[in-house]
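Q: Before anything else, here's the structure in question.
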Amino acid sequence: GSPIPVGIDVQVESIDSISEVDMDFTMTLYLRHYWKDERLSFRSNKNKSMTFDGRLIKKIWVPDVFFVHSKRSFIHDTTVENIMLRVFPDGNVLFSLRITVSAMCFMDFSRFPLDTQNCSLELESYAYNEDDLMLYWKHGNKSLSTDEHISLSQFFIEEFSASSGLAFYSSTGWYNRLFINFALRRHIFFFVLQSYFPAMLMVMLSWVSFWIDRRAVPARVSLGITTVLTMSTIMTGVSASMPQVSYIKAVDVYLWISFLFVFLSVIEYAAVNYLTTIEERKQLKKRGKASGMYSIDAVQAMAFDGCFHDTDVDMELPAFSDPCEENDTRTSESNISSVDTTRLKRKRSLKGNVGRIILQNNHVIDTYSRIIFPSAYIVFNFFYWGLYI
């Protein structure tokens, strides 16, 4: 005869979890089937229905609906199996189940974490094609209802909708298929606190080296290496909680560009230090106050203790309280008393010349970097958030 119409009604109790790594979701729902079997009709003076538990299911015909793309599913059995069968006098049957199902969700992470994921749970008869069984939503779009208190930690549920279609299998034919569609929009505030904001701070921290004396090699190198390692840790933490996809995500773009800014700040100081060394050598040769032997000793000393030793600067500029000058002071204490007198005069004039010394010790690259790096990072943030939001 004609195919048996089976109406479906679904009430979603909860969405238990969304897994980006496994690309699946877990949902608990009430699945209700409606059909008519005249063989189950009975006489009733008061027109009341009869309700049974799961023990009768094995003795009568029921639709063989299954979840397409499901990974795991089970019927709750505490304290007994959550199955209900209700038969009406005219043969209409209501078959209800409480099920938890984990199904695949084909996610696209190209805009992660500014993404919106569209997932669906698909229902279909396993054995009966459209010539034997016709699945349909019992009450149209109103056949799908949700609990008002459904909430997720990382997602905002934008909408639930019901739809239907057909599925074709080459060996068995066409089957009716029902879809439970829902859209999930990710909350971005968590990722702002855990990824974006720390990355911004690390980039800004790397700019501090532009205001540090160019001859303070340990300070500037340590700051650069620390920010680079911190950015690497942030990037590793984000990647560990994500599937290993072969395309670039939005968060990868931001973190890699931020890492590039931090890395360039280290390269910037390498260029400043190299040009400073060349400049000081030329000045010493031009003034004729340094022999070739002295130049070799100065370069070797800088390689060992990380400080540039310039006798001309030491004689003309006030002394800094850094490790390099402390070593020079210990060495000078064993020399003639005229050197001690000169150092005493330089210390007395320190307060009045600090500003002039700082300006003189800044390289032109540092001066331009103070403007170029922040401006470029602001422009990048403007285009990034404008593109993805």
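Note that Cβ sites are derived from N, Cα and C of the backbone, with glycine treated the same way.
OK, TrEMBL features for this one:
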DOMAIN    2-187  domain 'Neurotransmitter-gated ion-channel ligand-binding'
DOMAIN    196-285  domain 'Neurotransmitter-gated ion-channel transmembrane'
TRANSMEM  188-211  transmembrane segment
TRANSMEM  223-242  transmembrane segment
TRANSMEM  254-276  transmembrane segment
TRANSMEM  371-388  transmembrane segment
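Neighbours and distances for these, please.
A: Outside the transmembrane segment (188-211), and at least 6 residues removed from its termini, the chain residues within Cβ reach (under 8 Å) are 113-114, 154, 219-220, 223-224, 227, 230-231, 234, 237-238, 251, 254-255, 258, 261-262, 265-266, 268-269, 366, 369-370, 373-374, 377.
Counting same-chain residues at least six beyond the ends of the transmembrane segment (223-242), those with a Cβ under 8 angstroms from any Cβ of the stretch are 20-21, 109, 112, 194-195, 198-199, 202-203, 205-206, 208-209, 212, 249, 251, 255-256, 258-259, 262-263, 265-266, 269.
Outside the transmembrane segment (371-388) by six or more residues, the chain places 111, 114, 203, 207, 210, 250, 253-254, 257, 261, 264-265 with a CB less than 8 A from a CB of the stretch.
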Q: Which residues of the same chain, at least 6 past either end of the transmembrane segment (254-276), have a Cβ under 8 Å from a Cβ in it?
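A: Sequence-remote neighbours of the transmembrane segment (254-276) are 195-196, 199-200, 202-203, 206-207, 209-210, 214-215, 217, 220-221, 224-225, 227-228, 231-232, 234-235, 238, 308, 363, 365-366, 369, 373, 376-377, 380, 384.
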Q: Quick check on the domain 'Neurotransmitter-gated ion-channel transmembrane' (196-285): DSSP residue counts for helix, strand, coil, in that order please.
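A: Split into helix, strand and coil, the domain 'Neurotransmitter-gated ion-channel transmembrane' (196-285) gives 76 helix, 0 strand, 14 coil.
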